[in-house]
Amino acid sequence: MTKPAVRVAVTGAAGQICYSLLFRIANGDMYGKDQPVILQLLDLPQAQAAVGGVVMELEDCAFPNLAGVVITDDPKVAFKDIDAAVLVGARPRSKGMERADLLSANAEIFKVQGKALNEVAKRDVKVLVVGNPANTNAYITAKSAPDLPAKNITAMLRLDHNRALSQFAAKAGIATADIEKVAVWGNHSPTMYADYRFATANGKPLPELINDETWYRETLLPKVGKRGAAIIEARGLSSAASAANAAVDHMHDWIHGTDGKWVSMGVASDGSYGVPEGIVFGVPAVCSGGEYEVVKGLPMDDFSKAMFEKTLNELLEERDGVAALLG
Ligand code: NAD
Ligand code: LMR
């Protein structure tokens with residue numbers, strides 16, 4: 001028997017990330033091949049015609065589980081009765097632009113959308129914020145949606161996680177699937193801290209296998225941190241297919257579970273690791289039964305403490321930068 005359809009809202013539907021993401025969701029990569037999905041697509045009034053074109057292409061794929069598509073410029077229509085939302089719609093960074101410049105440009109969007117989610121989404125809606133600055137936009141969304149559980153409003157650190165996995169695998173000469181327990185802490189920004197201290201590959205400690213702490217500190221960390229900028233420099237546009245892939249990974253694992261494996265998710269802090277409550281911070285998590293649980297009690301050495309503090313301070317500054325907007 002066919003399952004009832006789930007409703008997934010995606011914002012920024014005419015944009016470049018969605019040109020990959022919508023097709024992946026419609027193909028069943030997020031909810032599964034046996035789960036009908038209704039896509040509820042939001043974009044600005046001037047982008048409605050372009051969204052219409054994307055929807056023609058979705059139709060032309062004849063996806064068996066695409067049970068319907070809604071196109072709108074009204075967040076309350078897009079978010080009505082949704083099970084999940086991927087908030088992509090925002091202005092991306094262009095060449096030479098710092099991430100901080102995006103803060104004011106995009107903060108207002110997430111205040112409006114948080115309020116709309118609060119009014120019309122299902123009470124257990126799972127939200128992933130992709131639009132940058134993703135952590136602080138998720139923080140604004142959660143603060144603007146006080147009737148929804150803050151734990152269900154998450155930010156995307158999975159692209160950093162996947163970037164780190166690929167670099168570690170290439171350096172060690174192994175497959176990404178061999179590696180477990182990588183954690184990306186903090187902000188989705190160059191200050192993120194891709195921590196490999198607990199990582200293993202085929203049962204061996206990854207730091208021992210790589211055996212090059214200088215490479216880790218001086219090459220790996222800046223490479224992953226600045227990967228977004230390197231892609232903008234090379235493509236003239238920010239990452240899109242890999243961002244969509246990371247969004248699918250994040251939601252898929254949250255919905256279906258990780259079988260005990262660690263993934264990195266930006267989640268509202270409950271105060272653990274000294275991160276003030278409510279700050280949306282990248283942490284290692286395991287997922288099961290449609291819920292995630294933060295991996296707690298990991299020890300910090302001096303290097304980790306310094307990395308941790310840097311990325312936390314950046315997030316505290318971003319929070320202070322939007323305090324007036326949130327009243
Ligand atoms: P894009 O410019 O191609 O598309 C953005 C879309 O959002 C446009 O269609 C635009 O009309 C729409 N939009 C703008 N304001 C909106 C609003 N208020 N409501 C609904 N839609 C709105 O951008 P893109 O390349 O798809 O990137 C989208 C965002 O994702 C950017 O902020 C980018 O920096 C971010 N991003 C995040 C990650 C991550 O890892 N977290 C990775 C890559 C990109
Ligand atoms: C990325 O990491 O690719 C995106 O967040 C784009 C950016 O602005 O860095």
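In case you wondered, yes, glycine gets a Cβ from its N, Cα and C as well.
The active site, proton acceptor annotation in TrEMBL covers HIS188. The annotation NAD(+) binding site is assigned in TrEMBL to GLY12, ALA13, ALA14, GLY15, GLN16, ILE17, CYS18, ASP43, ASN106, GLN113, VAL130, GLY131, ASN132. Residues or ranges marked as substrate binding site in TrEMBL: ARG93, ARG99, ASN132, ARG163. The annotation domain 'Lactate/malate dehydrogenase N-terminal' is assigned in TrEMBL to 6-153. As annotated by TrEMBL, domain 'Lactate/malate dehydrogenase C-terminal' applies to 158-322.
For ARG93 (substrate binding site), the binding-site residues whose C-alpha atoms fall inside a 10 Å radius of its own C-alpha are ASN132, out of GLY12, CYS18, VAL130, ASN132. In terms of DSSP helix, strand and coil, the domain 'Lactate/malate dehydrogenase N-terminal' (6-153) has 64 helix, 28 strand, 56 coil. Ligand 2 lies under 6 Å from the Cβ of ARG93, ASN132, out of the binding-site residues GLY12, CYS18, ARG93, VAL130, ASN132, ARG163.
Counted over all residue pairs in GLY12, ALA13, ALA14, GLY15, GLN16, ILE17, CYS18, ASP43, ASN106, GLN113, VAL130, GLY131, ASN132, the record's binders of NAD(+), the longest Cα to Cα distance measures 20 angstrom. Look at the binding-site residues ALA14, VAL130 and count other Cβ atoms within 10 Å of each Cβ; ALA14 has the fewest. For the recorded positions given as CYS18, ARG93, ASN106, HIS188, the lowest number of other CB atoms within 10 Å of the residue's CB is seen at ARG93.
The number of other Cβ atoms within 10 Å of the Cβ belonging to ASN132 (NAD(+) binding site), over all protein chains shown, comes to 24. Taking GLY12, VAL130, ARG163 as the candidate binding-site residues, the subset whose CB lies under 6 angstroms from any atom of ligand 1 consists of GLY12, VAL130. According to its DSSP assignment, HIS188 (active site, proton acceptor) is coil. A Cα-Cα distance of 25 Å separates ASN106 (NAD(+) binding site) from ARG163 (substrate binding site). Taken together, the residues in the domain 'Lactate/malate dehydrogenase N-terminal' (6-153) have a mean pLDDT of 95 on the 0 to 100 scale.
The number of other CB atoms found within 10 A of the CB of GLY12 (NAD(+) binding site), across every protein chain shown, is 25. In the three-state DSSP scheme, ARG163 (substrate binding site) falls into the helix class. If you take the Cα of VAL130 (NAD(+) binding site) and the Cα of ARG163 (substrate binding site), they are about 16 angstrom apart, rounded to a whole number.
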